[in-house]
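> Below are the structure tokens for one structure; questions will follow.
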Amino acid sequence: MARTHILGFPRIGERRELKFAQEAFWRGDRTEAELRDVAAQLRRRHWQLQADRGLDTVATGDFAYYDQMLSLTALLGALPRRFGLDPARLTLTQYFELARGNREQPAMEMTKWFDTNYHYLVPELDAETTFDGGPAWFFEEADEALALGLRARPVLIGPVTYLWLSKSHVAGFDRLALLPQLLQGYRRILDQLKARGIEWVQIDEPALCLDLEPAWLDAFDTAYAALREAGPKLLLATYFDTAADHAQRAAALPVDGFHIDLVRAPEQLAAWQAALPAHAVLSLGVIDGRNIWRTDLRRVLDTLRPVQAALGERLWLAPSCSLLHVPVSLAHEVRLDVELKSWLAFATEKLDELSVLGRALNQGDAVVAEALAASDAAQASRRASRRVVNPRVQQRLAAVSAGMADRASPFAERIERQRQALQLPLLPTTTIGSFPQTAAIRQTRAAFKRGEIGALEYLERIRAEIAVAVRKQEALGLDVLVHGEAERNDMVEYFGEQLCGYGFTENGWVQSYGSRCVKPPVIYGDVYRPEPMTVDTARYAQSLTERPMKGMLTGPITMLQWSFVRDDQPRATTARQLALAIRDEVCDLEQAGIRVIQIDEPALREGLPLRRADWDAYLDWAVTAFRLSASGVQDQTQIHTHMCYAEFNDILPAIAAMDADVITIETSRSAMELLEGFGDFDYPNEIGPGVYDIHSPRVPSVQAMERLLDRACEVVPPQRLWVNPDCGLKTRGWEETEAALANMVSAARALRARLSARGATTWKRLSKPAAATAAAVPHAGNACTACATHAN
């Protein structure tokens, strides 16, 4: 009999109950007891969903009040010492302070969970870190499930993955030195679970899918030799990529079963079947835990039946990874059109699919004939739908030539024509795109969406906001202006709503971090642009000023990364379709007299595969997509791109290959350290390193920004340097925005004056160096949360 289980379930609730309870607690409108009660209700509901569908075990420990890595850090007692907290007496208020900061301490660092759009809190480790235990929440959740008569299977992030994802701020400290002490903490956890009669514990080790050095591979041997002496059976779970090259070594570990991801890496099945010990179970992740499309159940059954014949009761079935990454339920999607809805499966529907697969294998197809027929019908509907495949889009894709991804002239020639056309000063000043989204702007958009105001009144209100933004920029003395994006709710959804091939859910929320949830749009079919999207707005904004006005677009890779993407064609193909749609908009903006066009790609690095061997293939099609979107214009039209806070050094050749005339990047929090890689690489085009942090309400001084510009000029010649904030200003208020931009313009003018006075054509230090005031902080490969504004 094949067993069924899941690796984890979304914790937010089908109506985002956890989010609203968290935020009420933070405001002081709910007590800790009331928040705990909401959490307990959600856990019971989610366990019952699993039990009602006949799953053999229910996942416990997958719940977290903020983040599972933070909860594990608390469970182990490894809290950052700078907070001065007693792990054994940790309250929820203190737990949230670790994630959100307090008056004395900034929050723990947050970064992406592997290559997903979920964020985790990074443990802070050093030689004095201890793992003596913390609050009993993890065990209490297992007790809750057991008290309900359920077979609980607690879920833990494994010790090697935990160390791999941690950081130390002590130079040269080897995190693996903590492994012996960490394993003692894990053994105490497993001992307590054994005492409760727990049969199986799931230990997640997705790090086994990464490029690991020998010392880290050896750590698996050490870790599981130690944990074998503890009680419950261990299911070692891998996901997000293949672990086939480590299958032989992993199979020798003293564990009782393995989970592998057959959605991301179906080719690894043979290697694991060959390596699997005779006693071990093999859990196959056959339902996509990261996307929202219904599973082709008959195709999966064709894969599973030979495995069942070989393994019998040692075969387990599961989603590919935790269902954390998909919305909770389709039940509340009342406005989604019937056809598109029939193609989708959220977390609850994926439980149904899993149940059908288990029953088909164990009892025969006849028992689930109706469900299999519905699956067949959904697959046939997608294949046949005229909404999915558009002949004109296919013809246009086939006609794309290599030359379409190239500008007419090399950068050295283009930039001279652009300088003549734009007549900008040395160190031109600009912003990244968005300006403060005031309550009035949000109310206007909401009123229009609800039908309370008509299209004409909406347009008049938005144009009034644009006029305000233009006047403020001119008064500040900025050189290249933006319209402020008052009409945009989100940098992906705004464009997706105007592109064919996109759909939108009402309640398709997934957790990004903490209480922040995102509702990604759905790319279900061939993408194309039926009509211009931003041209009228840009033309109006340009009519208000003689200074250059930037057209503002979201790039094809960011549109791809921040959506649920169709799974019936390669992502590279969808990226090319997006690129052609954006290319049309770029060309129309140029025809409308827009001389500077920005194509934002904050998510470019996020798309990198987990293994470096796969990077080149991804970067090739991703860069080509950007170039295809940007290369239809004349030489004198200047193309900008923006990338958020990320580690760029290892992909600088790809960034240079994008061939944007100007790239703006987020650098102020690293005190311009991120810029040094561009200098070492001799980045050939123009660059605008951010000179102040838009995530903070603090207004930096003129002198502080001058110091950052001085440092930037040591890396990039002033003739190729732009002056701008780190990112868009949507989340800030006008008072702080105007003050900060005024200081930024003053800093640029002061540096211009110093350069002019010295007659400098190349940079030499013009003043005694002073330490930059922006403190360097660790950075990760993420777009900043200011860009990911489709959240709530």
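Cβ atoms are placed via backbone N, Cα and C, with glycine included.
Heads up, here are the entries from Swiss-Prot:
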{"type": "BINDING", "residues": "Arg16, Glu17, Leu18, Lys19, Lys112, Arg516, Cys517, Trp562, Glu606", "note": "5-methyltetrahydropteroyltri-L-glutamate binding site"}
{"type": "BINDING", "residues": "Ile432, Gly433, Ser434, Glu485, Asp600", "note": "L-homocysteine binding site"}
{"type": "BINDING", "residues": "Ile432, Gly433, Ser434, Glu485, Asp600", "note": "L-methionine binding site"}
{"type": "BINDING", "residues": "His642, Cys644, Glu666, Cys727", "note": "Zn(2+) binding site"}
{"type": "ACT_SITE", "residues": "His695", "note": "active site, proton donor"}
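Please go over these features one by one and say how buried each is and what sits next to it.
For the recorded site, Arg16 (5-methyltetrahydropteroyltri-L-glutamate binding site), the DSSP three-state label reads coil. The Cβ of Arg16 (5-methyltetrahydropteroyltri-L-glutamate binding site) has Trp509, Cys517 as same-chain neighbours under 8 Å, each 6 or more residues away in sequence.
Sequence-distant neighbours of Ser434 (L-homocysteine binding site) (same chain, 6+ residues apart, CB-CB distance under 8 A): Val482, Gly484, Glu485, Arg488, Gly728, Leu729, Lys730. According to DSSP, Ser434 (L-homocysteine binding site) is assigned to a strand segment.
Taking the Cβ of Gly433 (L-homocysteine binding site) as reference, residues of its chain lying under 8 Å away and at least six apart in sequence are, in sequence order, Val482, Glu485, Lys550, Met552, Gln598, Asp600, His642, Gly728.
Cβ neighbours within 10 Å of His642 (Zn(2+) binding site), excluding its own Cβ and spanning all shown chains: 29. In this structure, His642 (Zn(2+) binding site) is part of a beta strand by DSSP.
In this structure, His695 (active site, proton donor) belongs to neither helix nor strand by DSSP; it is coil.
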> How far is it from Lys112 (5-methyltetrahydropteroyltri-L-glutamate binding site) to Cys644 (Zn(2+) binding site), counting Cα to Cα, in Å?
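So the alpha carbons of Lys112 (5-methyltetrahydropteroyltri-L-glutamate binding site) and Cys644 (Zn(2+) binding site) sit roughly 14 Å from each other.
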> Including all protein chains shown, what's the count of other C-beta atoms within 10 A of the C-beta of His695 (active site, proton donor)?
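There are 17 such Cβ atoms around His695 (active site, proton donor).
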> What whole-number value in Å do you get for the largest C-alpha pair distance within Ile432, Gly433, Ser434, Glu485, Asp600, the residues recorded as binding L-methionine?
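Across Ile432, Gly433, Ser434, Glu485, Asp600, the two farthest Cα atoms sit 13 Å apart.
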> Let me know how many other Cβ atoms fall within 10 Å of the Cβ of Glu485 (L-homocysteine binding site).
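Excluding its own Cβ, the number within 10 Å is 26.
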> With the 5-methyltetrahydropteroyltri-L-glutamate site defined by the record as Arg16, Glu17, Leu18, Lys19, Lys112, Arg516, Cys517, Trp562, Glu606, how many Å span the farthest pair of C-alpha atoms?
29
> Within 10 Å of Ile432 (L-homocysteine binding site) (Cα to Cα), which of the recorded positions Leu18, Glu606, His695, Cys727 do you find?
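Taking Leu18, Glu606, His695, Cys727 one by one, the ones whose Cα falls within 10 Å of Ile432 (L-homocysteine binding site) are Cys727.
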> Around the C-beta of Asp600 (L-homocysteine binding site), how many further C-beta atoms are within 10 angstroms, looking at every protein chain?
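26, counting other Cβ atoms within 10 Å of Asp600 (L-homocysteine binding site).
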> Where among the binding-site residues Glu606, Glu666 do you find the Cβ with the fewest other Cβ atoms within 10 Å?
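Counting other Cβ atoms within 10 Å of each of the binding-site residues Glu606, Glu666, the minimum falls on Glu606.
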> In angstrom units, rounded to an integer, how far apart are the Cα atoms of Glu666 (Zn(2+) binding site) and His695 (active site, proton donor)?
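Checking the Cα atoms of Glu666 (Zn(2+) binding site) and His695 (active site, proton donor) gives a distance of 11 Å.
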